[in-house]
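Trainee: Just lifted these from Swiss-Prot, have a look:
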COMPBIAS  56-66  compositional bias 'Acidic residues'
COMPBIAS  131-173  compositional bias 'Acidic residues'
COMPBIAS  196-216  compositional bias 'Basic and acidic residues'
COMPBIAS  217-230  compositional bias 'Low complexity'
COMPBIAS  231-261  compositional bias 'Basic and acidic residues'
DOMAIN    289-375  domain 'PPIase FKBP-type'
REGION    55-78  region 'Disordered'
REGION    127-265  region 'Disordered'
Amino acid sequence: MSATPIGFFGLKLVPGKVHRMDVSRDFKITNVSYADQPKSNTKTLVKIHYTHVPGFEDDYDEEEQEKEPKSTDEEEEIEEKVYTLCSLNGANKDHAVVDLQFCQEELIGFSITGDAPVDLVGNYVAPPDFFDQDPSDSELYSDDEDDDEDMYGLDSDDFDDDDDDDMDEDPDRFEELVESSASKPKKAIEAAPLADSKKRAAEKPVKETAAKKLKADASAASAASTPTKAIETKGEKQTKGAKDTKPKSETVEKKTVDKSTSKMTTTKLPSGLVIEEKSAGSGPPCKAGQKVGMRYVGKLTNGKVFDQCTSGKPFYFKLGKGEVIKGWDEGVKGMRVGAERRLTCPPKLAYGNQKIPGIPANSTLVFDVKLVEIK
């Protein structure tokens, strides 16, 4: 599938200078020409300066290689190489049509020989799709994760059935279940455990109040000769039960609200991506070239879930290599293990005008993501 153009790219090259590129977005060069009318005897070579970064190569045996450290002689050095893109001359070839695409984070530069400036023009392009096949509608909307393929090409055989039993099936949230001390309050992110604790907290005061009421009624029956005292006792117990119940409920709600709001920070990047920080995580931040393992829930803006990976084997990809949509490459960068974010990706950082099963064209996508591993 050819890359989808999403914007104009242009660069003017002047003699005697190497134009270094900070490749923040994928782009393609389609035409090379003189910037002005050249002299008939003008000759120009357009050069590409490319630096290979060893950490960016596709390597599926990283863990085994880490166990066997390389010797000094085997370590790969970073070296810049220069290649010729095309040649121009003022007599009969003042432009060249090319088709050359560069990916985000590549270390490249351009230079020219001769004394005539040259224009490079082309397009910024959308990153390639990060799944190989279009899943069917039934697969996208199936609730049984053991029978479907997620949109990233992970087969159900890759998932561990034992892990499925340990994960919360709520499609809106996800969480690695961890044992915690009973004296510490649950985090607001743990949706299912918190709901159960709220339910128990609500049921307990009701049961206590009912028991106290029955006890007060029994006291009133046995002390019929002194009705005034029985009534006072009953009233005091009911009042005390109400006072005991109210602070508990308010405390649980207050802690939940405080935790959910105090950790929420929102940032909007120039690209239009909105990042909501929900949990900071710990350890070093992830960076381009590293393989990261993710949990996620993908939704449309109307709340409809189109894909998720909340249990079993995490979804792995190499950050900054265009293996996922642009919104993920930008939004996951800098996360730490355990960190959680909500990424709101405008169409240009998702699938643009492509129509995908379950995702209409020009859709804004919302992802709740959690980083669980950095390799």
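For all residues, glycine too, the Cβ spot is worked out from N, Cα and C.
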Trainee: For the domain 'PPIase FKBP-type' (289-375), provide the mean pLDDT of the predicted model.
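Mentor: It averages 92.
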Trainee: Where DSSP helix means H, G or I and strand means E or B, what are the helix, strand and coil counts for the domain 'PPIase FKBP-type' (289-375)?
Mentor: 10 helix, 38 strand, 39 coil
